[in-house]
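Features of the protein shown, as given by TrEMBL:
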DOMAIN    13-454  domain 'Major facilitator superfamily (MFS) profile'
TRANSMEM  15-35  transmembrane segment
TRANSMEM  55-78  transmembrane segment
TRANSMEM  85-104  transmembrane segment
TRANSMEM  110-131  transmembrane segment
TRANSMEM  143-162  transmembrane segment
TRANSMEM  168-189  transmembrane segment
REGION    222-249  region 'Disordered'
TRANSMEM  263-290  transmembrane segment
TRANSMEM  302-324  transmembrane segment
TRANSMEM  331-351  transmembrane segment
TRANSMEM  363-387  transmembrane segment
TRANSMEM  399-420  transmembrane segment
TRANSMEM  432-450  transmembrane segment
Amino acid sequence: MDGERTTPMAALKQTLLSLSVSLSYYCIGLVRGYSAPAVPSMHETAPGLLPSKNIASWVSSIPPFGAFFGSLVAFPLMHRIGRKYTVLIASPLWAASWILIATANDWRVLFVARMLSGFGAGLCLPAAQVYVSECSDPKIRGVIGSLPALSMSFGILVMYIMGKFLEWRLLAWICCGMACCLFLAVACFPQSPVWLKTRKQYEKAHVSAKWLHLQGFSVDPKAGSGVAPSAHSATTGERNEKCQLDAPPPKPFSKEALLRREILIPLGIGLVLLSIQQLSGIDAVVFFTVEIFRAAGSTMDSHLATILVGTVQVLSNIAALFVVDRAGRKPLLIMSGLIMCMAMASMGAAFHLNSIGNTCFGYLPMISLIVFMIGFSIGFGSIPFLLMGELFPTAQRSLLSSLAGSFNLAMMFTVIKTYHPLEDLITASGTFLMYSVLCALGVVFVITCVPETKGRELESIQKLFERPSVHRHEELECGKGASHDNAGFTASEEIARDHAKPLEKRSIDTKL
């Protein structure tokens, strides 16, 4: 496998599939970015449609609430009908929601339509990413797997650009057309061969993998299970047979398994990182960008400033792809948190200066949000999701990722919905200063609690959360035969060999 290279035809087909499926994330970006230009447009062209600031807040913030339920429904759908058809189901849901928005004459219709659009986003968030990952070779999976996230940022930017020139109803009709394009683009591609194999549809899996030119993909139902045991594994099995009988491993989703230290600590770290991601105020900025610029007294055109912020986010996301594996996760998270902290403090200062009549810093809101977007994109924008795949144990990864994703969407809804009440309670300046303090607390959490996973194998990462004393005790009791390089070693000899390794390494280094 290491010597195999992805052929041009394989790269072409897999990239085309990824681009087509990434249209779903582009549509999610349209949903997320719609309220920023649309709500001001509604106030200008249909003043009675959103009769109060509270109703406008609900219409803007309800999509993540719908996405929360969509993400819960997505996993059984992905299992039963596959990743492809789960993405396809979102297309008619989005088309219906945009038609309702375009023809709405009552805020209740807008409310239901926005919630329906969020439900479609919740279906696609896990399904599209898994679909792309399962249909790409490992050699190009890193780049191809990043296309959905880039497409979402690009969708937000396109919505900002269109919102400067088009009124809200026409925006909705254009988004309806994009939802139809998504269905046509994805329908012509095959199902995920990995999913087909799990459903025991081996012939279809073979055809799908062959069309995609996937390397190293086997549809043999006996692959991996028909290998004859070696003498080492036979000896190991005899040595540990009694230990396995005395202490059978718990089922992956049993209460005993889920309440273990190596499950709870990674889950806690993941949930706190996702909380910091949202409590930084990112989606309050995305959903209310135009309104924020106007309220802050920016001397720059609010729509143009919004477009600049969206452009910076897209470019920062692209740049982050080339940094994350070089600088490491933890340094980027720390740098990201510090930049966001300073940017939100600067934004709070801009609101305070405007409230006391000082208009000498008209460009401060734009500069602050641009810096904030750069800081967010290089760290907290993507690394929490990356760490979920690295920190969560393999056996429980699907369940924990589902819970974390739903939690993230619930936090997103909470932040968006509380923006206007906080603005009334503690002023806009106080709200952004609060976001700044929360970013600073996030930096402290990363420094003290988040491990560095750069360059580590997944198994070694999971061992970071085990109790060392218990781990060594189990090795002594059970012989830990499966980890020995030589089946003849006893547990005591293994410990002695481990102590001798530094001396051996020192001798080798001296010779070199």
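Using the three backbone atoms N, Cα and C, a Cβ is placed for every residue, glycine included.
The model shown is predicted, which means the values in this text are computed figures rather than measured ones.
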For the transmembrane segment (168-189), what are the same-chain contacts with Cβ under 8 Å, counting residues 6+ beyond its ends? 16-17, 20-21, 23-24, 26-27, 30-31, 34, 37-38, 41-42, 45, 84, 87-88, 90-92, 94-95, 98-99, 101-103, 135, 159, 162
Run the contact check on the transmembrane segment (363-387) against the transmembrane segment (302-324): 3 or more C-beta pairs under 8 Å, excluding pairs closer than 6 in sequence. yes
Confidence summary for the domain 'Major facilitator superfamily (MFS) profile' (13-454), mean pLDDT rounded: 82
If you count CB pairs under 8 A between the transmembrane segment (302-324) and each of 85-104, 110-131, 143-162, 399-420, the winner is 143-162
